[in-house]
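As annotated by Swiss-Prot, FAD binding site applies to GLY13, GLY14, GLY15, HIS16, ALA17, GLY18. The NAD(+) binding site annotation in Swiss-Prot covers 274-288, and the record cites sequence analysis as its basis.
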Amino acid sequence: MLYPKEFDVIVVGGGHAGTEAALAAARMGCQTLLLSHNIETLGQMSCNPSIGGIGKGHLVKEVDAMGGAMAAATDEAGIQFRILNSSKGPAVRATRAQADRVLYRKAIRTRLENQPNLMLFQQAVDDLMVEGDRVVGARTQVGIDFRARAVVLTAGTFLDGKIHVGLDNYTGGRAGDPAAVSLSARLKELKLPQGRLKTGTPPRIDGRTIDFSVMEEQPGDLDPVPVFSFLGRPEQHPQQLPCWITHTNSRTHDVIRGGLDRSPMYTGVIEGVGPRYCPSIEDKIHRFASKESHQIFLEPEGLTTNEFYPNGISTSLPFDVQLELVHSIRGLENAHILRPGYAIEYDYFDPRGLKSSLESKAIEGLFFAGQINGTTGYEEAAAQGLLAGINAGCYVRERDAWTPRRDQAYLGVLVDDLITRGVTEPYRMFTSRAEFRLSLREDNADMRLTEIGRELGVVDDVRWDAFNRKRDAVSRETERLKSTWVNPTLLPEADAVPLLGKGIEREYSLADLLRRPEVRYEALVALQDGRFAPETPLADDTMLAEQIREQIEIGIKYHGYIARQAAEVDKLEANESTKLPPNFDYTEVRGLGFEVSQKLNQHRPETLGQASRISGVTPAAISLLLVHLKKKGMGRAAAQTSATPVAGNGQEAA
C-alpha cells in the first residue's frame with residue numbers, strides 16, 4: 001500500500017548516523033520520516049560504551065556546534081569523563097566519555113520523539129523506490145510504500161550482515177538483530193560499487209565475578225569534570241564510575257595461538273577487512289608477536305547493570321577459546337561471560353561513488369551516511385549523518401549543498417578522504433589526518449561552524465544566543481588585551497617576577513605578556529588585585545566564562561602559528577574553488593596519460609582540489625588539467641581562477 005502522507009526526507013536506519021540525519025533534516029523544517037526495524041534500539045551503542053577520543057571527540061564537538069544530539073546525550077548519560085592529551089597542545093586535546101547505554105539511548109529517543117517535523121515508524125526497509133535515476137521513496141518488508149523527495153541510507157552493519165563465532169556463522173545485523181538481506185540485494189541490482197568489511201566486539205563480563213582488587217583503577221577527571229556539549233553542565237552528569245586496567249600475559253597469548261586454527265579470520269572464512277586501529281586480540285598477538293602483554297580496560301556498561309566491556313580483547317574465536325582466554329587474565333580468573341565476542345561482516349558501498357554532499361552520483365536524491373560508507377565508529381557515523389541530513393534538506397529546498405572544507409572541519413577531512421581516496425579497511429578519524437589541525441580544535445568547533453549551522457537552519461535560538469555571547473566576549477576581551485599597555489612603572493618588578501620570572505624592561509601590551517608560554521590569563525588579570533581585569537565579568541555563566549578564557553588564551557598564544565596556517569589555506573583555496581564539469585571527458589586532455597584520465601573519469605571529482613588528492617594524480621597532471629580548462633573556457637571558476645598545483649606522489653604525468 002501507499003502511505004497516505006508524502007515526506008520531504010526519509011531516513012533508513014536509527015543508529016548514530018540515522019538519528020543525526022533525521023534530526024538535522026527536521027530542524028531545517030523538512031517533513032522527515034525515520035524508519036527503523038526496531039524503535040526500541042534507536043541510538044543503540046552496539047559496541048563499546050564510550051563516545052569521543054582523539055579525532056573522534058573533535059567530530060562530536062563539530063556535530064554539537066551545529067545543533068546535533070550526540071554531545072548533549074553524552075552529557076546526560078556519561079558516567080566517566082576525561083580529557084585525553086591534556087598535557088599536550090590544544091590541537092590534540094580530546095574529550096572522551098564512558099556512557100550508560102540505557103541512559104544514552106533514552107536521551108536520543110527523547111530528542112527524536114520531541115523533534116518537530118519528525119515522525120518515527122517501525123519497519124525494516126526491503127527496497128528503495130527508484131524512478132529512472134532518481135529515488136522517490138522506500139518500501140518496507142510488509143509492502144508499505146513511503147514516498148519522499150530524498151532518502152538517507154544509514155544501514156550500519158546490517159547490509160547482508162554475517163556474524164562469526166569461531167567457524168560457526170549466521171546472518172545478523174548485530175547480535176540479536178536481523179540482517180538487511182533484501183535491501184542489500186536491491187542495492188546490488190542498482191550497480192552501485194560495493195565491497196565487504198568486518199568489525200568485531202569482545203565478550204561481555206559479569207562485574208560480580210571480576211576481582212578488581214588486583215587491577216589498576218582509572219578514575220575520570222574530577223576537578224573539573226569535563227562536559228561534551230558547548231551548552232553542557234557537569235550537573236547533568238549521572239553518578240561517575242571508574243574504569244579498571246589489567247593486561248594479557250604469555251598464557252593468554254598461548255591460548256589465542258592455539259585457537260587460530262578455528263579462527264574465521266585465519267582460516268579464510270571471513271573475507272572482509274577489519275579496522276586497522278581497533279584490531280582483534282588475534283590480530284594483536286599475530287602482528288605484535290614479540291609484545292609480552294596488551295592492556296585491557298574494563299569499562300562499566302551502565303549504572304543499573306553489572307555488565308563490563310573488556311576493551312582490548314575483541315575476538316571471533318570459538319567460545320571455548322574465549323572462555324579460556326578470559327580466565328587467563330589477571331582479575332578475570334573466575335569471570336562469567338554474559339555474551340560471547342563475535343565478528344561481523346557486512347556490505348559497504350564505495351564512497352568514491354558519492355558527491356561531497358554524500359549524495360550518490362548515480363541516483364539523484366539518495367544520500368549515504370555511516371558505516372555503509374566504509375567508516376568505523378559512532379562519532380564518524382554521527383558526523384556523516386548530520387551532513388547527509390543537512391544536504392538532504394538542502395536538496396529538497398533546492399539550495400546549494402553544504403560541503404565543509406578540509407581546513408574548516410574534521411567533517412570536511414572525513415568526507416574528502418572518503419570520496420577521493422575510498423577505503424580498503426574501516427576508516428577512523430585521527431587528528432593526524434588533518435593538515436590544518438591547529439585550526440581544527442575541539443574548543444573552537446562552535447567558532448568555526450555554529451554560524452554556518454544557523455544559516456542552514458539547524459542551530460536553534462538557545463545555542464545561537466549562547467554562541468553570540470561567547471563570540472562577542474572573546475572579541476571584546478582580546479581587543480582590550482591588545483590595547484592595554486603596561487610599563488615598568490605600572491608593573492614593577494615585584495609584581496612581574498612571580499608572573500614572568502623577571503621584571504619588564506619596556507612597554508608591553510597585555511596580549512604580549514599573555515603570549516608567553518608560562519603566563520595564564522587568570523594570573524594576568526589577577527595582578528595587583530585585579531587591576532588589569534576587565535570591568536565586567538566575561539560571562540555570568542561560569543562554564544561560558546571558562547570557554548571564553550580558553551578561546552582568548554589559545555587565540556593569542558598561537559596567533560602566529562594559526563596565521564601561517566591560514567596563509568597555507570589561502571594558497572590551496574584556488575584549487576578547492578575550481579569546479580570541474582560533471583560530464584567532462586578527461587581523455588581529451590593532451591598529455592594527461594591513460595592511468596590518470598581513467599582514474600578521473602572513474603571517480604568524477606567535483607573540484608580541482610579533490611582531483612589532486614586522488615591516488616596517482618600528480619601535480620603535473622593538475623597543471624595540464626587547469627590549462628585545458630582555461631583554454632576551453634569550461635566553467636567560470638576554472639576560467640577565472642589561477643590555481644596552485646599541490647603536492648602529489650612524485651610521479652610525472654605520462
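Just so you know, the numbers here start at 1 and follow the chain as drawn.
Cβ coordinates are placed from backbone N, Cα and C, and glycine is handled just like the others.
Structural mapping of features recorded in Swiss-Prot.
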residue : record              : DSSP (3 states)
GLY14   : FAD binding site    : coil
GLY274  : NAD(+) binding site : coil
SER280  : NAD(+) binding site : coil
HIS286  : NAD(+) binding site : helix
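Close to HIS16 (FAD binding site) in the fold, though at least 6 residues off in sequence, lie GLY43, MET70, GLY370, TYR378, GLU379, ALA381, ALA382, GLY385, each with a CB less than 8 Å from its CB. Neighbouring residues of the recorded FAD site, listed in sequence order and excluding GLY13, GLY14, GLY15, HIS16, ALA17, GLY18, comprise VAL11, THR19, GLU20, ALA21, SER36, LEU42, GLY43, THR154, GLY156, ALA369, GLY370, ALA381, GLY385 (Cβ within 8 Å of the Cβ centroid).
Ranking the binding-site residues GLY13, GLY14, GLY15, GLY274 by other CB atoms within 10 A of the CB puts GLY274 at the bottom. Note: ARG276 (NAD(+) binding site) has non-local neighbours GLU425, PRO426, i.e. same-chain residues 6+ apart with C-beta under 8 A of its own C-beta. Between the alpha carbons (Cα) of CYS278 (NAD(+) binding site) and ALA17 (FAD binding site) lies a span of roughly 20 Å. Looking at LYS284 (NAD(+) binding site) and GLY14 (FAD binding site), their Cα atoms lie 32 Å from each other. The Cβ of SER280 (NAD(+) binding site) has GLY200, MET265, GLY274, SER314, THR315, SER316, ALA343 as same-chain neighbours under 8 Å, each 6 or more residues away in sequence.
Rounded to a whole number, the distance between the Cα atoms of GLY15 (FAD binding site) and GLU282 (NAD(+) binding site) is 28 Å. Closest by Cα distance to PHE288 (NAD(+) binding site), from the binding-site residues GLY13, GLY14, GLY15, GLY18, is GLY15.
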